[in-house]
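These notes concern the structure reproduced below.
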Amino acid sequence: IAAPVAPLHCGARSRNAKMATDLGELLVPYMPTIRVPRTGDRVYKSECAFSFDSPESEGGLYVCMNTFLGFGREHVERHYRKTGQSVYMHLKRHIKEKATGAAGGAIPRRRNGKVFLDLELNRDFNGEDYEYEDEAKLVIFPDHFEIPLPNIEELPALVTIACDAVLNAPSAYKKQEPESWEEEIQVSRHARSLRQLDNGVRILPSGWKCQKCEMRENLWLNLTDGAVFCGKWFFDGSGGNGHALDHYKETNYPLAVKLDTITPDGADVYSFEEEEAVLDPHISDHLSHFGIDMLQMQKRTENGHHTDNNARPRVSEWEVIQESGMKLKAVFGSGYTGVKNLGNSCYMGTVMQVLFSIPDFQRMYVGNLQRIFDYSPLDPTQDFATQMAKLGHGLLSGQYSKPPMKSELIEQVMKEEYKQQQNGISPRMFKALVSRGHPEFSSNRQQDAHEFFQHFINLVERNSAGSENPSDVFRFLVEERVQCCQTRRVRYTQRVDYCIQLPAPIEAATNREELLAYEAKRKDAEENMRAPPEPVRARIPFTACLQAFTEPENVPDFWSSALQAKSAGVKTSRFASFPEYLVVQIKKFTFGVDWVPKKLDLAIDVPDFLDLNRLRATGLQAGEEELPDLMPPIVLPEDTRGTLLSQLSPEIDEAAVLQLAEMGFPLEACRKAVYYTGNMGPEMAFNWIIAHMEEPDFAEPLALPSMMDPGPSSSDSPMGATPLDNSPPEESIAILTSMGFPRIHSIRALKATNNNLERALDWIFTHPEEEESDTLSDMADTEPNDHAFSNANSHSDSTLSPDRDTSGPRVKDGPGRYELFAFISHMGASTMSGHYVCHIKKEGRWVIYNDHKVCLSERPPKDLGYIYFYHRLSSS
């Protein structure tokens, strides 16, 4: 006898359809398509793959019971048509405000005890003011039959297990969150019985420094003897030499407190013996032993990020850049959607806001949205074009930036309260895709917005091979003129770039006397352990930054081909072409003696209009003599008796590699730095990193030429003589072809330079007229489809820059006159901490984008920006 049948609801399209008499019988045809999530399966039950719809959206979210992808109401039909998958779980979260005077506290009521949304609320609701109910049901397409859940008695066992597994599965992005956030800090076993020495030590409220190295940040007070020492390097940008740990090893005094974290509410305490952060219930008594009154201490932070204890917080910078204290008017609609901060992700949000204000990116991804979605792969969460179209539509459609209803505003006025109406979009899926495999961007730590911009342009290049490339608008050619100081001979080369980096010469500051006076007062305050003076911001003319950019610079380790020996050389840079959109980075960040990246406190009068035509490259001038086209000799180690294996795996000082890696640089980049500086120590390797960190292959593994490899001459060998494993990586080929170089030429350049991207670019510029027939015969065996790729790319070349040689990169050259339309600003003492916001000029008005908040700007702080974006003015 069949079990009692639960009522079966029908969707709007099939209300008159015949009701099924047995749910099991109804589901039998679909049973082979219903899966139980396995370990490793990601269940996307909080975000649509094609939009930012969620269970909180009006139409809810549909989760495919086979692929576990989530779809909003507008996109689920497409997935059904493409895959034939009929069974979906529909998830809906109903949120409503609690009735006035209702009991229940902070714990929201949950229907059936089930919570399927394993993420925080997408809206900034106060849990004490709102409650929510979760609703789940199975929906069978195309007739939209609906089966409410749970329905354990009537459903087949497999379906019940699958539904339960989906409902209880963790968020697809849960593993990205730091595990330490989920762990509770325990009370130290030393807290109650801690012995404190009566040695008369008293700690002053400021002016602290390490007793061994005199560092003034990341300082720890040992709670036994009152000794102050520096800690180790931490992810938040603070650093040290580990003297606090050394002190513990000498004394076994177990507990230490971080000095700049002491507030009336507590402090950060670390147990060396237990090797973890701990709680000290008696911290107030332990601190008072050394004369520290917790009630008088204020934690010196900026948005949760530590600042130096010998300087006052940069309150003015944070207030000016965020335009705090002003009643900024919120704006809504198309192009005015904010990006929710996922936890130190503002560097990504600001860059994407600016990029999607550029018509070329809008046209490429949002203009082609329907085609991109229709031709997306079966897993759209891993497709770059799909996620770009999704993000662009989310930012530009206005669908997620709707003004509050008039009734809501009246209700707020009546209740005399204001609720945040701007929610923004949460780009978790996008961040997971673009940061995948990157050691820094895949973390939850703050990053450099300029580094992310370069990383992202690299991704666009890779994913635009053979098609329209929106990053063409940023690409330009730099002419570098290198001169041998001894022979006066010159060499002109060109390289591709996407951003101009302007130095910030402090010596050119207009308030230099004021800066010198401040520095004298600061040093005097340090020596006499007094409070530091109010900081003075350097004011530098923009013309001085441009002048510093054009000045000749020394070339380290210059090898003169005229002398065939090392010599002194100088280099100057000019624009061989001007991009349609010019990106200008102010080099505000430097490294202190402790190797901690620090920000220079600068204000630069960046102009709204910019004319760079005088910086146009001129090429070889009359009377100049070129340096011979010779390569420096390859210096082999004295002992060449080692095997090929030892030559391919050279000796690398791993201690130096580790020291550099602890500073936050990619491990492979550290290995290359140590190798290319001949194991001369971390300082030399550090200088190499600073000089090469902007290169696209900076973090790629160290690739060394085999001693058996014939080298550059291999491209001239007979067909078949080149080993098959010498084929360049497809990724490198894609990067070069996306820049406009023919595929065949790109492959040959990579082969001739052992797959080194930077050298391959130089090779292309110096070999523009290679015999096409030789190249074709060279590639006949390994690249059967070269003709299609070459034709596609040459067509793109002729479309984008018909006036240029097809062997050159695609550039959109034109006059060097520009107008400022956006800038990204950074607040904080280091790129590894702080906060980013951006200002964009839209419809003649400056708009500030501060995470999810989007408002009209009253006073755009153009002088405090970090990255500036200009667009070319029309020649009229």
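From the backbone N, Cα and C atoms, a Cβ is placed for every residue, glycine too.
Unlike curated records, TrEMBL annotations are generated automatically.
Looking at 296-324, 702-730, the stretch flagged in TrEMBL as region 'Disordered' turns out to be 702-730. The record gives C210, C213, C230, H243 for Zn(2+). Within 8 Å of the mean position of their Cβ atoms, the other Cβ atoms in that chain belong to Q211, K212, E214, M215, L219, F229, G240, N241, G242, A244. Fewest other C-beta atoms within 10 angstroms, among the binding-site residues C230, H243, are seen around H243. If you count neighbouring Cβ atoms within 10 Å for each of the binding-site residues C210, C213, the highest count belongs to C210. In the predicted structure, the domain 'USP' (337-873) carries a mean pLDDT of 80.
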